[in-house]
Amino acid sequence: MWPRAPATPPPPPWPSKPSAASRSALRRLDLDDGRRQGTEGEENHAPLLCSPAMASSTAFAAAFALLLLASSAAAEGEAVLTLDAGNFTEVVGAHDFIVVEFYAPWCGHCNQLAPEYEAAAAALRSHDPPVVLAKVDASADLNRGLAGEHGVQGYPTIRILRDRGARSHNYAGPRDAAGIVAYLKRQAGPASVEIAASASPPAADSIANDGVVVVGVFPELSGSEFESFMAVAEKMRADYDFRHTTDAGVLPRGDRTVRGPLVRLFKPFDELFVDSQDFDRDALEKFIESSGFPTVVTFDTSPANQKYLLKYFDNAGTKAMLFLSFSDDRAEEFRTQFHEAANQYSANNISFLIGDVTASQGAFQYFGLKESEVPLVFILASKSKYIKPTVEPDQILPYLKEFTEGTLAPHVKSEPIPEVNDQPVKTVVADNLREVVFNSGKNVLLEFYAPWCGHCQKLAPILEEVAVSLKDDEDVVIAKMDGTANDVPSDFAVEGYPSMYFYSSGGNLLPYDGRTAEEIIDFITKNKGSRPGEATTTESVKDEL
């Protein structure tokens, strides 16, 4: 079976390399940096949905002395421990809180993270109690099972292991040294920090300046509501900051007459704060998730927006995006109309994003958008997409209305149909795929490839050999389509490159993974012209796969 690169081409639609100043919660891919595991030397880009989960971290109580006695001491001069399958259980079992990076030596993003991670480890050694950072080469054969156990799908993946390894979560913090230190110090403490009734105004100021902060207000710090709040804080602490108090008057926009119990979520967007008095744990989680996310996500260079951007692209629902120049004289008018559309149609499971064209270059390349068509509205649904180029502010609401009513025609990305197509391996594009493959009445072997994929480059001469060998058979076509430059119809499940499908003249569509010219020719010979349901097709597919 051919090894495959993930089907999503580079670059991802978020900033590809944040500056030191902008490396906040951005993990250019855990959506990252997040390249999926791949062949050494070929850094495979993870898809947008690849969406590795980011979660939490917390208190560490083991003394650093235990670390010095562990069999896997860090290399001389290194603060980061080096672990492997042989000592992982022993070292993790000696700590109530330990941070582990799963990396690959050939991964460029891992190499960028390394000095920041090392600096953070050195700084956290003096924390009371010390916070331990470790690393595992997940690409080494010895450690592949270990990586699988911890759900590693991309490099680097950082995991937080608690209670001597009994619980683990993905790291959800910044990737610069200072950010790592601050995040882990906070996570190593209690899930929610108490704000004393006698707190000075700076306590309120810190809440106002900390992004989304969830504050529980209680008559006393006990009872079922308080316990429910603390349980949710423990579960969601990776993504949100939690505080609690018995005096609402110390809070921003506080009111000493409010006695609680209630939860007040502060945020730097939309209505600035919102309250809830439902302490059912599931309901409280949903309240925090929905209220703590902007009605419209902003795609710009601000570090504060990166975590919302990541969550936006992780979401599997329909996405509506407005791209324009934020320096445009009418930018505010566009914002107003787009926010109105979001307020009207968010209930239709549509999430909204407004992006500055300068900051969104990755998105333009990823989605095949054209800067010359800005301002534009781009809607990405599960199996189709829609583009409204050079849109006017007053056209935004009607366009969204048409989409929700199902009257818009989908946009199909396609390269131009070749004027000359006389090579042994024929070129197929989205606009002529049905004609060449499904409606030609011929037996067609179609490869979906990516120009940057090394595995595809190795397959190319093999397909050329097959095409030349079968050139005298007018009923056989060997073809290829660039899956990064053309939309792939839902008839095909292309999850990696190369992907091959054989469509027989009898109407059978079969996935195939031949390795050699001989195998591919034999497969085509056995299956060409077969009718649906014929035994030869079923048996030959079993033989080949």
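Just so you know, glycine gets a Cβ as well, placed from its N, Cα and C.
As annotated in Swiss-Prot, motif 'Prevents secretion from ER' covers the listed stretch 542-545 rather than the other ranges in 142-145, 166-169, 274-277, 542-545. Of the listed segments 1-24, 409-432, 505-528, Swiss-Prot assigns region 'Disordered' to 1-24. The Cβ neighbour count for ARG175 (site 'Lowers pKa of C-terminal Cys of first active site'), using a 10 Å radius and every protein chain shown, is 26. On the 0 to 100 pLDDT scale, the domain 'Thioredoxin 2' (403-545) averages 88 in this prediction. The two recorded residues, CYS453 (disulfide bond) and ARG175 (site 'Lowers pKa of C-terminal Cys of first active site'), have Cα atoms 28 Å apart. In this structure, the C-alpha atom of CYS456 (disulfide bond) lies 21 angstrom from that of CYS107 (disulfide bond). ARG175 (site 'Lowers pKa of C-terminal Cys of first active site') sits 11 Å from CYS110 (disulfide bond), taking the Cα positions as reference.
Per DSSP, the domain 'Thioredoxin 1' (55-189) is made up of 51 helix, 28 strand, 56 coil.
Helix, strand and coil counts from DSSP across the domain 'Thioredoxin 2' (403-545) read 49 helix, 28 strand, 66 coil.
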